[in-house]
Amino acid sequence: MNEVKLLQRRYLTIAAIIAALFVIAIAGYMIPVEKQDVPARIVMDNTGGRVIFSHQAHAEDYGFDCIDCHHDDIGSDTFLACGTCHPAEFNDDFRVNHQKAFPSDEACLRCHDDVPTAPLAEDERPDIENIPLRAEAFHTQCMGCHEENGGPYGDDSCYQCHAR
Ligand code: HEC
Ligand code: HEC
Ligand code: HEC
Ligand code: HEC
Ligand code: HEC
């Protein structure tokens, strides 16, 4: 093999390596980051007056685990908004939209006996008696923990959470 050919082959090898690295770098940008950001503050507008929830302080400073509040570990990397399962009302809007709101079918089984594929027969409808609606889910969880661990709860506490 003469020297020119040898050099050409080296250039080709280097070019191939650079191309490969380039592909890996692009892929690195395109694959979504797995870990979700922890929201710092969450503003909750509602008829009782706006609540500003110090999410990060609760998650990092007060010594709780994510699943102390995000009680539904449905086997995904993401935590769902509470309202995904605790709507303001189990109405037509929920009936239609919730079916696409979950990252996997595992979540369906929280409320359904099987993964539903069609409109439900009367006896297949989830028992919604035990699933608190949105405001009740928040009040129960927020104040339940505060009663045990500190933080506002009880009849006089409304405006420690709600803006007047
Ligand atoms: C003290 C209770 C509490 C703790 C602890 C907590 N969270 Fe939350 N988190 C909430 C509440 C309440 C919301 C608001 C959900 C809503 O608006 O429906 C929320 C919202 C979120 C959201 C936004 C969800 C969405 O789609 O709107 C993410 C992401 C999240 N939390 C991640 C975490 C992670 C990660 C941890 C642990 C490091 C954690 N949280 C710890 C109560 C908590
Ligand atoms: C994937 C669906 C799902 C998500 C997301 C979810 N929940 Fe629930 N939650 C349920 C179901 C179903 C029940 C009914 C009781 C049971 O089966 O555990 C329930 C029960 C509750 C209860 C009453 C029982 C108890 O543990 O005291 C509270 C309070 C509650 N949820 C608050 C919340 C809050 C606050 C969030 C968001 C931080 C949240 N839930 C997110 C499905 C969910
Ligand atoms: C937080 C509880 C909950 C979760 C989680 C849940 N569902 Fe439902 N689902 C309901 C309720 C409540 C209804 C309404 C029942 C009724 O009409 O009385 C319903 C109804 C349905 C219906 C019937 C709609 C119609 O027009 O009658 C389908 C289909 C369905 N769900 C699919 C799913 C699928 C698929 C998943 C998972 C990806 C899922 N659901 C997760 C509570 C839930
Ligand atoms: C798992 C336990 C837990 C849950 C759930 C919880 N808290 Fe707290 N919260 C605490 C503790 C503990 C403190 C007191 C921290 C201190 O005073 O050192 C606190 C303090 C607070 C305070 C006063 C200090 C601050 O950080 O603003 C507010 C307001 C508050 N919580 C709102 C909420 C709301 C709104 C929810 C529901 C969305 C909620 N908390 C859910 C444990 C909890
Ligand atoms: C620990 C914080 C906290 C305390 C204390 C608290 N709330 Fe709330 N409240 C919330 C949160 C969080 C929500 C739900 C916000 C949302 O839906 O996004 C809520 C929702 C509400 C709603 C709206 C209900 C709906 O269906 O839209 C009313 C009304 C309300 N609270 C009244 C009160 C009253 C009255 C008190 C005092 C007896 C009180 N709250 C105490 C945090 C609190």
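Glycine is treated like the rest: Cβ placed from N, Cα and C.
What TrEMBL annotates here:
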- His55, His58, Cys66, His70, His71, Cys82, Cys108, Cys111, His112: heme c 1 binding site (BINDING)
- Cys69, Cys85, His86: heme c 2 binding site (BINDING)
- 36-116: domain 'Class III cytochrome C' (DOMAIN)
- 12-31: transmembrane segment (TRANSMEM)
Structural state census, the domain 'Class III cytochrome C' (36-116) (DSSP three-state): 29 helix, 6 strand, 46 coil
Spatial separation of Cys85 (heme c 2 binding site) from Cys66 (heme c 1 binding site) - C-alpha basis, Å: 17
Lowest local Cβ density among His55, His71, His86, His112, which the record lists as binding-site residues, within 10 Å: His71
Fewest other Cβ within 10 angstroms of its own Cβ, chosen from the binding-site residues Cys66, Cys69, Cys85, Cys108: Cys66
For His112 (heme c 1 binding site), the one of Cys69, Cys85, His86 that lies nearest, given that the binding-site residues are compared by Cα: Cys85
Cα-to-Cα gap, Cys108 (heme c 1 binding site) vs Cys85 (heme c 2 binding site), nearest whole Å: 10
Heme c 2 site shell beyond Cys69, Cys85, His86, criterion: Cβ within 8 Å of Cβ centroid: His70, His71, Asp72, Leu80, Ala81, Cys82, Gly83, Thr84, Ala137, Gln141
